[in-house]
Structure formats: C-alpha cells, structure tokens
Amino acid sequence: MGDSNYSQQLLDHQETLPTTKAASASQNHKKLSIIPFIFLIYFEVSGGAYGAEAAVGAAGPLCSILGFLIFPFLWSIPEALITAELATTFPGNGGYVIWAHQAFGPFWGLLIGSWKFVSGVINLASCSVLCIEYIKLVLPLFSCGASRYFAVVSLALVLSFLNYTGLVVVGYTAILLAGEVDRPQKTFPKALFLAGLLTCLAYLVPLLAATGAMPLKQENWVNGYFADVAQIIAGKWLMIFLESGAVLSSIGFYEAQLTSCAYQLLGMADLGVLPQCFSVRSKWFNTPWLGILVSTLITVAVSSMNFADLISSINFLYSLAMLLEFASFLWLRRKLPMMERPFRVPLELPGLTMMCLIPSGFLVYIMSLANGTVLLVSSVVSALTILWYFMTNHFCKSNMWTHFNNVGPKLMDQDLE
C-alpha cells in the first residue's frame, strides 16, 4: 500500500490510538493529586546523591558551570520538544513504546521498552548501593562483605514494600522527603559561618598571645578549644548532616523510579506487549504488584555489581533507547508529514535532524566508554528481549499459554516502506 493511502488510514484512525483497558478502568482508581505528583516528578528528575563534585574535580569550576548552563539547551530542550510532539500525536499509556511501535513495528516497541525498563531497575540498585555508601561512613559495619550486601538488599526490599502500599503513600512520602532534603541546604550556610568564625578565632588567639594580650596557658587552652570545635562543626557534624540529605534524596529517587518502572510494565501489558498478568493490581493497595516484584528482584540481583559498572550499564541501555526514540521521531515525521499533530516542533526534517544530531553524539560517546561487563549486560538484555518477542508471537499467543490484552482498534502494524 502506498504512503499516501497509509497516511490517510492513520489520519482516519487518530481518534482510536492505542488506549488501554487500564485507561478506562483507571477512572475507578484513586488518582494521585497534583502536589504529590509534582514531588514525584522532582525526585525522578533531581533525586539521588550529590553528583556535581566529580565534574568540578575533573574539569574545574568554570568548565563545570558552563557545562551545566549549556547542556539543557543541547539535550533537555530537544528531548522536551520531541516528547511533546510524539505524546500529543500518539497519546496512550505507553509513551516511547507506542512511538517506536508505530515507527518501526511491534518488535522495536518491545525493545525500547525493555532497554528503558532494565536501565531503570539497575538505577534502583545504584540508589540502594549509594545509600549504604553514605551510611557506612557513620556505621563502618556496612563497609564490605556480607553485612554490606545484606544492608543493600534489605534497604531495597523495605523501599519496594513502601512503594507497594500505593501511589498516595509514595506521593506524600515524597513531599516529606523533599522537606528533609532541603533542610541541610538551609542549615549549611549557618553552620559553615560558625565553623569559619571559630577557625578564625583559633588563628587569632596565637596573635594575641604573641602581643602579650593573653597569657600563654590560656592561649593554649582557648586555641585548642576553638580548633576542636571548628573541626567538629566543619567536619564530622556537617558530613553527617549533608550525607543524611543525600540518603533521603536517594530514597525519594528510588520510590519515583520504582513507580515509573512498575507502571511501565503495566502499560506494556495493557498494550498487549506483555502478558495480561502484569496489568493486575493489588486488591489491597491497587498497585501493579507483579511489576514491583519483578523490578525489585532484578534490583536485588544486580546489587552486587561494581558501582561503576552499574552506572555505565544504566547509561548504555538508556543511550540505546534514546537513539531509537530519536530515530522513531524522525521516521514518523518523514513518512507521515501530513498527519495532524496537536503540537508540532516548528522545524522541517533537516532542522529536526540537526536538533537530534547533537544529543545523539553525546549518546554515542557515552556508549563508546563501555567496558566488557557493560557490553555483556546490554547484550543479555537485548538477546532476552529478542527471544521473548519470538516466543510470545510464535508459541505463547498461538498456543494460548498465557493471556494478552486485546487493546481493540489501533494504528495499523503495516510496513512503512
């Protein structure tokens, strides 16, 4: 069928884009109010441990500040524009799964979904590891060995159970965490001023003693006292105070990320990509319990990995998914130029290509830094996704081994060529 006819079919079916049973059923579910939702978004974007220190140490303060100022224009704005166009053109509980599906077919929708899902759950493991890394500075018992792994796994299980208790609980927990995370930011300048004042006094007292304004014995006592107090305030105390903020921020990010991962599996099940069991909700808390369970099990399984490998695996899988998302955006714009788009990026295809080229360069560079472990993890995830796709299409669905949702009228899965 020609492109013009296919484009017309897409236009005719715009009002029947892939919606889901959950979309209609969700009207009966208790929805999260706007304020907790905003704080969940905050932790999803800005949660986690402090991360700017390494950049400043590697590139210096000037280059780091310039990078923080320029990067949003090179990455965040293009990604926001692409998301706005695709999400309004192809609405539904599926996001990038729907976009890749409609651009290249159902296999690519499943692939981008698996890449982003596994990237997210590995990110959960990195949060648990980071929390224990901060806690061990206060409790050296968790520095290494079985006790450390037990602490990481226990923390992941406790936080996952909190997520299981429902979106409302998680949302209001995010509000409380945000307030506590912000507390060190307000207290730090005052404590730093006090520490600086005491340090200055520690240097001033010897000068007074040298001029005879203070007896030597008194000088030694006062000098030692001020120096000790300054060290306590500027060192151990502030370390614990700031690290507690990092731990709480990591917990907030864990809850937001786990919510995203679990509901992504629910959405993929509602679209018929995963078995229907992933869309089943807990009868007590109305949460996608199987998605939470699978996410937690994978998190626990990879928690023993080296932290650097965890971060590299997250970045590699996420980069693969984003490259496919950019390609889906460009391909849909090229093949369906006449399709109505409620929001349209005000550029033609050459300009859109240039807009995607710069962030794609960042992604390729990040992928080029991967080591053997990261390549192995990414290869295993991709291979299992391919195996799952062919098993479900050639065996499970045809033999009715498990149930998949029939999402009803949707865009045609036809070849775009």
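Each Cβ is built from the backbone N, Cα and C atoms, and glycine gets one as well.
TrEMBL does not curate its annotations; it predicts them automatically.
As recorded in TrEMBL:
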type	residues	note
TRANSMEM	34-52	transmembrane segment
TRANSMEM	58-75	transmembrane segment
TRANSMEM	96-115	transmembrane segment
TRANSMEM	121-142	transmembrane segment
TRANSMEM	149-179	transmembrane segment
TRANSMEM	191-210	transmembrane segment
TRANSMEM	289-308	transmembrane segment
TRANSMEM	314-333	transmembrane segment
TRANSMEM	345-367	transmembrane segment
TRANSMEM	373-391	transmembrane segment
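Residues 74-75, 78-79, 81-82, 84-85, 315-316, 319-320, 322-323, 326, 329-330, 333-334 of the same chain sit 6 or more residues outside the transmembrane segment (345-367) yet have a Cβ under 8 Å from a Cβ within it. Long-range neighbours of the transmembrane segment (314-333) within the same chain, counting only residues 6 or more positions beyond its ends whose Cβ lies under 8 Å from a Cβ of the stretch, are 79, 82, 85-86, 89, 96, 99-100, 102-104, 108, 111-112, 115-116, 118-119, 122-123, 126, 339, 349, 352-353, 356, 359-360, 363-364, 366-367, 370, 374-375, 377-378, 381, 416.
Ranked by Cβ pairs under 8 Å to the transmembrane segment (289-308), the stretches 96-115, 121-142, 149-179, 373-391 are led by 121-142.
Listed by sequence, the residues of this chain that lie at least six past the ends of the transmembrane segment (121-142) yet keep a Cβ under 8 A from its Cβ atoms are 48-49, 148, 151-153, 155-156, 159, 239-240, 243-244, 246-247, 250-251, 253-254, 257-258, 261, 295-296, 298-300, 302-303, 305, 307, 310-311, 313-314, 317, 377.
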